[in-house]
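J.: Okay, these came from Swiss-Prot:
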CARBOHYD  Asn164  N-linked glycosylation site
CARBOHYD  Asn165  N-linked glycosylation site
TOPO_DOM  1-9  topological domain 'Extracellular'
TOPO_DOM  31-46  topological domain 'Cytoplasmic'
TOPO_DOM  68-81  topological domain 'Extracellular'
TOPO_DOM  103-131  topological domain 'Cytoplasmic'
TOPO_DOM  153-172  topological domain 'Extracellular'
TOPO_DOM  194-230  topological domain 'Cytoplasmic'
TOPO_DOM  252-262  topological domain 'Extracellular'
TOPO_DOM  284-299  topological domain 'Cytoplasmic'
TRANSMEM  10-30  transmembrane segment
TRANSMEM  47-67  transmembrane segment
TRANSMEM  82-102  transmembrane segment
TRANSMEM  132-152  transmembrane segment
TRANSMEM  173-193  transmembrane segment
TRANSMEM  231-251  transmembrane segment
TRANSMEM  263-283  transmembrane segment
Amino acid sequence: MLQLFYFSAIIASVILNFVGIIMNLFIMVVNCKTWVKSHRISSSDRILFSLGITRFLMLGLFLVNTIFFVSSNTERSVYLSAFFVLCFMFXDSSSLWFVTLLNILYCVKITNFQHSVFLLLKQNISPKIPRLLLACVLISAFTTCLYITLSQASPFPELVTKRNNTSFNTHEGILSLVVSLVLSSSLQFIINVTSASLLIHSLRRHIQKMQKNATGFWNPQTEAHVGAMKLMIYFLILYIPYSVATLVQYLPFYVGMDMGTKAICLIFATLYSPGHSVLIIITHPKLKTTAKKILCFKK
């Protein structure tokens, strides 16, 4: 029964990856078309375009690795597995930093704080987006290189046996993996929670101000607050289980877990990227309108 559940989780994982690939390809194409047509692109769309590319490559790599691992009956070098892991780590870290940068941009642009730091950020963050995107890539490259450097103390075995008798020494790379994930994920989590908290505080102040002025509090600024806040909260709801599931999959005791627990970890680890991509589309006016036209739901 548990084996059937685990097999179903693998099938669901493959389907979710296909959905994620299609959603991110859609995000890439729409933003690229707008960029080419108008010869300009907004800061948020630039981040979304970069995020779409990274997730498209990451999900494609994950899908190829999953299909190869499930279907292959021949022995394969563990170095190939290591290559997949390193590429996935780099692309995954980059995509998470891009989302973090997107949340920072929303927070800075939408909140109405009059502090000098916020005013300075409002004026200067948009021109700095290309450099900040490059910084996200460099940080991801650093954490990936850190993993490689620390794992050199525990060299990989020569071969991984056939899929029905696969055995990994999970203790060998666990320290380097945990350090790399914690260094990157902790800072991302703190920044995203802070951005969401500032948005909530700004929304509360805005509503109180509108109520004092005896005017309706639901206006374009309120709508922008709520839309960005929903996207951030949904991101955190998907991101926290994803981070835990991803880390658990590489812990030493994961090999001894039952099939049911492994299946749950696999589903949570796979759900984040496609789920968040769908949320981006349905909360982004231009992407949502284009999606409705494609699906023939235009009124």
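Here the Cβ of each residue, glycine as well, is placed from N, Cα and C on the backbone.
Structural setting of the listed features?
T.: On the 0 to 100 pLDDT scale, the topological domain 'Extracellular' (1-9) averages 78 in the predicted structure.
Counting residues per DSSP class in helix, strand and coil order gives 12 helix, 0 strand, 4 coil for the topological domain 'Cytoplasmic' (31-46).
Outside the topological domain 'Cytoplasmic' (103-131) by six or more residues, the chain places 43-44, 46-47, 191-192, 195-196, 198-199, 202, 205-206, 221, 224-225, 228, 231-232, 235 with a CB less than 8 A from a CB of the stretch.
Long-range Cβ contacts of the topological domain 'Cytoplasmic' (284-299) within its own chain (Cβ-Cβ under 8 Å, at least 6 residues beyond either end) map to 26-27, 30, 34, 45, 48.
Distant neighbours of the transmembrane segment (47-67): 10, 13-14, 17-18, 20-21, 24-25, 27-28, 31-32, 35, 41, 81, 84, 87-88, 91-92, 94-95, 98-99, 101-102, 105, 129, 133, 270, 273-274, 277, 280, 284; these residues of the same chain sit at least 6 beyond its ends, with a Cβ under 8 Å from one of its Cβ atoms.
Long-range contacts of the transmembrane segment (82-102) within the same chain: residues 44, 47-48, 50-51, 54-55, 57-58, 61-62, 65, 129, 132-133, 136-137, 139-141, 143-144, 147-148, 156, 180, 184-185, 188, 191-192, 235, 239, 273, 276, each at least 6 residues beyond the stretch ends and with a Cβ under 8 Å from a Cβ of the stretch.
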J.: How many of the residues that make up the topological domain 'Extracellular' (1-9) does DSSP mark as helix, as strand and as coil?
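T.: Helix/strand/coil tally for the topological domain 'Extracellular' (1-9): 8 helix, 0 strand, 1 coil.
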J.: As a quick check of your reading of DSSP, tell me how many residues in the topological domain 'Cytoplasmic' (103-131) are helical, how many are strand and how many are coil.
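T.: Residue counts in helix, strand and coil order: 20 helix, 0 strand, 9 coil.
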J.: By DSSP assignment, list the helix, strand and coil residue numbers for the topological domain 'Cytoplasmic' (284-299), in that order.
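T.: Computed counts for the topological domain 'Cytoplasmic' (284-299) are 10 helix, 0 strand, 6 coil.
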J.: Residues of the same chain, at least six outside the topological domain 'Extracellular' (1-9), with any C-beta under 8 angstroms of its C-beta?
T.: 258-260, 262-264, 266-267
